[in-house]
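Let me begin by presenting the structure, written as structure tokens, before commenting on it.
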Amino acid sequence: MPGSLPLNAEACWPKDVGIVALEIYFPSQYVDQAELEKYDGVDAGKYTIGLGQARMGFCTDREDINSLCLTVVQKLMERNSLSYDCIGRLEVGTETIIDKSKSVKSNLMQLFEESGNTDIEGIDTTNACYGGTAAVFNAVNWIESSSWDGRYALVVAGDIAIYASGNARPTGGVGAVALLIGPNAPVIFDRGLRGTHMQHAYDFYKPDMLSEYPVVDGKLSIQCYLSALDRCYSVYRKKIRAQWQKEGKDKDFTLNDFGFMIFHSPYCKLVQKSLARMFLNDFLNDQNRDKNSIYSGLEAFGDVKLEDTYFDRDVEKAFMKASAELFNQKTKASLLVSNQNGNMYTSSVYGSLASVLAQYSPQQLAGKRIGVFSYGSGLAATLYSLKVTQDATPGSALDKITASLCDLKSRLDSRTCVAPDVFAENMKLREDTHHLANYIPQCSIDSLFEGTWYLVRVDEKHRRTYARRPSTNDHSLDEGVGLVHSNTATEHIPSPAKKVPRLPATSGEPESAVISNGEH
């Protein structure tokens, strides 16, 4: 066919394109799910056991999607001593929409102003919880295309997941993850191994532009999630089997071939059920299952059809029990952030990746294949895989990315526990004020983590102004400008901590860098 390459043609791509660095941000306060059970008057264990959730992070009216993303981007740049001119693509995945026209990415460009770097491709990508993964794929595709100019891509996934009071509220959360994408990475995207499923469904959607709350069909949402997992896993297995056959290896792919398996996590119990679901797929796909000891006791389920089992309690119970050890080995560690902070929508699955990288040594991770299932309602889903580099030596890229996340658990533990009634008051405040113009947030900034960007005001034209709570690493904004090396030998740019010019502080606010998404 004209314009097509022959199937056996080989192209030349940059080597080992993947995740070079990762940063995660979550707010400084949470509500305890056991206390929330008491406050809501539900049975003990409904949230903690039934959903598998221990704590739920939330933000006050001082934080919005722009401030979350400003914070996580600047923290990634600072932690890795990166210059802002080394970014050639910046894309945001989010479903937290505060402006139907102006992108979150355009707000983030304020961090790049003093560097003079405005030649940055990318924009916002939205489809429920899948937008972050779509942005990641766009970044990888850019680096592997003729458009690539040799610089890094930066992907930001972030959301504020909140629900109206009721059964869905304990499945909320908030957070953002920034991923630096480039060649020679320690966590590499497996080329040609994506299993995708797209379908029209009204399982979860947000049609009311004046509300942050979604419309949710809980039962349909679970069915859509599990059916998408079935389809994506089937496509992935076919693609990797085809690759293996080209390499002379004739075998079926199973869960055992993943070193780790991570999922988009609306709540932890669904992830455990999903791992069991993949085990069910392996079982039904194994022509010799009667001879395989790992399926002992499951013989009665040999004739079930996947589409008939979404809510079959007997199947669910049997395969969760049979896959319990696999869950402990391959998935349980990935639920640290989800269990302690809740659902972060687009950044949820990348919080799971951060959890794995934070809890295993480079030596334990080296050479492992990580399965990743990303799901967004509506619906869009992909199962793909990452391959961890073999180089786990001190000072290696793998050593650096794990070291940068080693404080994850202590950061989660350093948050402040807030009483359920205070949490409910904050949710009501957001409900009443998130859409207002000419608004000054009411909550204090004193409880914010150092280095957190926060909302200062929304003016009469809905233009938002932000400031950053000073960090001990900032020293003084008046003590000259620190320098970090760019990726060229002759250039220097101001340190990321000094990117934004300081404006006079508003009444009652500490002096700090201030930026606005309106006129300066």
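Backbone N, Cα and C define each Cβ position, glycine as well.
What you see is a predicted model, and the numbers here were worked out from it, not measured in a lab.
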* Asked: The (3S)-3-hydroxy-3-methylglutaryl-CoA site in Swiss-Prot includes Asp43, Ala44, Cys129, Asn167, Thr171, Ser221, His264, Lys273, Ser377. Which of Asn107, Asn341, Asn343 is also listed there?
  -> Asn343
* To do: Measure from the Cβ of Asp43 ((3S)-3-hydroxy-3-methylglutaryl-CoA binding site) and count the other Cβ atoms within 10 Å, all protein chains considered.
  => 9
* Here the binding-site residues are Ser221, Asn343; which one has the lowest number of other Cβ atoms no more than 10 Å from its Cβ? -> Ser221
* To do: Work out how many Å separate His264 ((3S)-3-hydroxy-3-methylglutaryl-CoA binding site) and Lys46 (CoA binding site) at their Cα atoms, rounded off.
  => 21
* Asked: Closest to Lys46 (CoA binding site): which of the recorded positions Glu95, Cys129, Thr171, Asn343, going by Cα position?
  -> Thr171
* Asked: Within 10 Å of the Cβ of Lys46 (CoA binding site), how many other Cβ atoms can be counted across all chains shown?
  -> 17
* Where does Lys273 (CoA binding site) sit in DSSP terms: helix, strand, or coil? -> helix
